[in-house]
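Asker: Residues or ranges marked as active site, nucleophile by Swiss-Prot on the basis of sequence analysis: ASP405. Residues annotated as active site, proton donor in Swiss-Prot, with sequence analysis given as evidence: GLU458.
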Amino acid sequence: MSDRIDRDVINALIAGHFADPFSVLGMHKTTAGLEVRALLPDATDVWVIEPKTGRKLAKLECLDSRGFFSGVIPRRKNFFRYQLAVVWHGQQNLIDDPYRFGPLIQEMDAWLLSEGTHLRPYETLGAHADTMDGVTGTRFSVWAPNARRVSVVGQFNYWDGRRHPMRLRKESGIWELFIPGAHNGQLYKYEMIDANGNLRLKSDPYAFEAQMRPETASLICGLPEKVVQTEERKKANQFDAPISIYEVHLGSWRRHTDNNFWLSYRELADQLVPYAKWMGFTHLELLPINEHPFDGSWGYQPTGLYAPTRRFGTRDDFRYFIDAAHAAGLNVILDWVPGHFPTDDFALAEFDGTNLYEHSDPREGYHQDWNTLIYNYGRREVSNFLVGNALYWIERFGIDALRVDAVASMIYRDYSRKEGEWIPNEFGGRENLEAIEFLRNTNRILGEQVSGAVTMAEESTDFPGVSRPQDMGGLGFWYKWNLGWMHDTLDYMKLDPIYRQYHHDKLTFGMLYNNTENFVLPLSHDEVVHGKKSILDRMPGDAWQKFANLRAYYGWMWAFPGKKLLFMGNEFAQGREWNHDASLDWHLLEGGDNWHHGVQRLVRDLNLTYRHHKAMHELDFDPYGFEWLVVDDKERSVLIFVRRDKEGNEIIVASNFTPVPRHDYRFGINQPGKWREILNTDSMHYHGSNAGNGGTVHSDEIASHGRQHSLSLTLPPLATIWLVREAE
């Protein structure tokens with residue numbers, strides 16, 4: 001008889017409490033010879049089969065009626081390839097034994113994963129189609145170092161955790177198993193007995209696709225092919241490029257009118273992409289599309305960082321959408337959320353029964369504002385999971401930029417916390433040093449591995465050097481959202497024009513710090529929710545004045561140094577706040593030509609004009625690219641400045657933020673000659689009053705504002721005009 005398997009071991013295996021199934025199951029050399037053991041619940045008969053001939057080599061004895069079989073193979077001494085013929089419910093099935101295969105993860109991969117320096121952990125962890133010893137199937141790997149047992153359960157094994165317990169690689173805390181026959185399209189999860197002895201079902205942190213909510217299973221889905229970065233896409237992200245971003249929530253941009261259901265990724269490719277291109281935008285920014293359980297989070301509480309949400313279609317459908325955007329000349333920015341994750345039990349929270357991905361102390365690991373958990377960036381495997389995710393979206397989907405959400409909440413330990421609710425760092429400070437290092441490391445790796453892709457930070461404080469290189473002490477982002485500019489200018493615009501003279505500095509203050517960062521000027525989704533009103537509705541006055549104010553503001557914004565970002569609906573002056581459960585108010589553009597059409601035409605013309613003239617974008621972050629001509633006329637709420645390109649070509653921008661037209665308004669200029677009006681937000685084309693300067697105006701050799709030559713203009717009411725100097 002063979003080496004006897006202890007009854008306690010059999011009981012533990014069947015109960016799912018045995019942590020080392022490979023030490024028992026599969027083929028083993030024993031004193032009696034070569035022995036095969038299998039755990040096959042509900043099986044009645046099991047034979048060992050010679051694959052080449054189909055010959056039955058031995059029948060396994062049922063040692064436990066719950067499905068434990070064992071038997072010695074006669075006349076065999078060395079390990080060989082075999083299959084099992086298993087009879088279930090009177091039907092014979094030929095299967096490959098998962099427990100005859102050796103370790104899956106290579107030593108170098110295991111070492112890099114443990115060190116947290118594996119550039120692409122998603123190529124090893126998760127579910128991957130594979131062929132081993134001529135057998136096709138799927139290899140599964142999951143990091144859960146404190147679990148007592150982990151099994152793969154899914155459609156291929158009746159969701160029975162007894163059937164496929166995994167091998168623990170103790171050196172890395174990773175559990176692994178190759179399951180023959182498991183294939184793309186099948187659902188799976190990890191069933192584990194956690195560190196506390198509780199039975200848990202967990203989705204795969206590295207799942208590349210997932211079920212549609214409210215279901216939570218992962219989907220076997222191979223890695224997508226890498227997307228080549230083109231020189232055109234790289235160039236479109238550069239500091240001197242025109243960048244005008246259309247920020248979109250895919251679930252509410254437009255919906256089916258008959259049932260209010262979302263458009264699919266492919267429908268969005270056919271509708272959203274050509275619309276954004278026609279409007280003249282250069283980039284699409286998508287609110288998070290990572291899988292998330294709660295629609296009301298807008299994607300900012302993700303549970304599946306590696307899986308595009310199934311709300312709008314499959315992973316391949318999302319790839320189709322990205323490809324369509326690129327074909328239309330649009331770069332794609334993805335909102336990325338490495339700052340926190342939800343508490344849902346099926347996901348990362350207490351993954352193996354311990355605080356594996358999060359901090360154990362709620363003063364470090366819990367966001368009371370959002371009821372979410374904070375990643376433990378100091379744990380190597382966690383930061384590796386996140387850095388790898390950033391690279392994954394860029395390499396495997398062709399994402400051109402990542403906009404990192406809520407950076408301030410990551411880099412400050414006392415973010416939104418009272419005294420006593422946070423733990424200082426090792427030096428007694430408030431900075432989260434591990435998060436800062438994580439962000440720097442992410443930006444460094446992206447710069448090295450996918451040069452041309454960029455990152456943008458939503459950072460709401462004055463933390464120094466967010467968009468400065470790391471060798472200068474910065475975080476290494478390419479761009480930073482200028483939330484201060486946004487708040488100041490919106491606070492100014494909501495004032496009745498009669499009071500604006502007392503708040504003139506709200507429009508000028510931004511230039512005092514403009515060159516400290518590489519700024520994006522954002523009118524984002526955050527400004528049209530939670531009772532803040534729409535941008536249009538914040539403007540003072542009657543309907544005519546509201547639209548005129550908005551047009552003047554857009555003209556100012558597109559001319560001011562910094563890249564542009566506009567949330568969907570603002571391009572046609574939607575009057576309501578954004579509702580993530582409904583379509584934008586496209587009906588405002590139905591019927592006859594109206595004020596909303598005027599704003600839409602203006603935004604399109606702003607984009608096209610801004611892109612055409614290098615002076616409006618080439619030197620956004622160089623002091624030479626901007627100069628005030630009139631900065632102190634607060635009594636009349638007039639501001640005039642010059643934008644300049646590398647060759648010295650200038651565009652004059654003049655704004656009048658009162659409803660009083662200013663006739664014969666004289667100001668000094670640098671370059672005498674004939675100036676042509678290339679944009680006037682008061683144009684009749686945009687439903688303005690059509691005041692202006694008749695197309696062109698000549699300078700006079702009359703000194704003004706310390707300059708020898710000057711222009712005398714009509715400044716339309718509540719309007720911004722752009723003028724370019726005609727060639728001699």
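Yeah, the Cβs are placed from backbone N, Cα and C, and that goes for glycine too.
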Asker: For ASP405 (active site, nucleophile), what is the tally of other C-beta atoms lying within 10 angstroms of its C-beta?
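Answerer: Taking every protein chain into account, the count is 19.
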Asker: If one measures from the C-alpha of ASP405 (active site, nucleophile) to the C-alpha of GLU458 (active site, proton donor), what distance in angstrom results, rounded to a whole number?
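Answerer: Checking the Cα atoms of ASP405 (active site, nucleophile) and GLU458 (active site, proton donor) gives a distance of 5 Å.
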Asker: So what sits near the residue listed as 'active site, proton donor' in its own chain, CB-to-CB under 8 Å and at least six residues off in sequence?
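Answerer: When sequence neighbours closer than 6 are ignored, the residue listed as 'active site, proton donor' has ARG403, VAL404, ASP405, ALA406, VAL407, TRP481, LEU483, PRO522 within Cβ distance under 8 Å.
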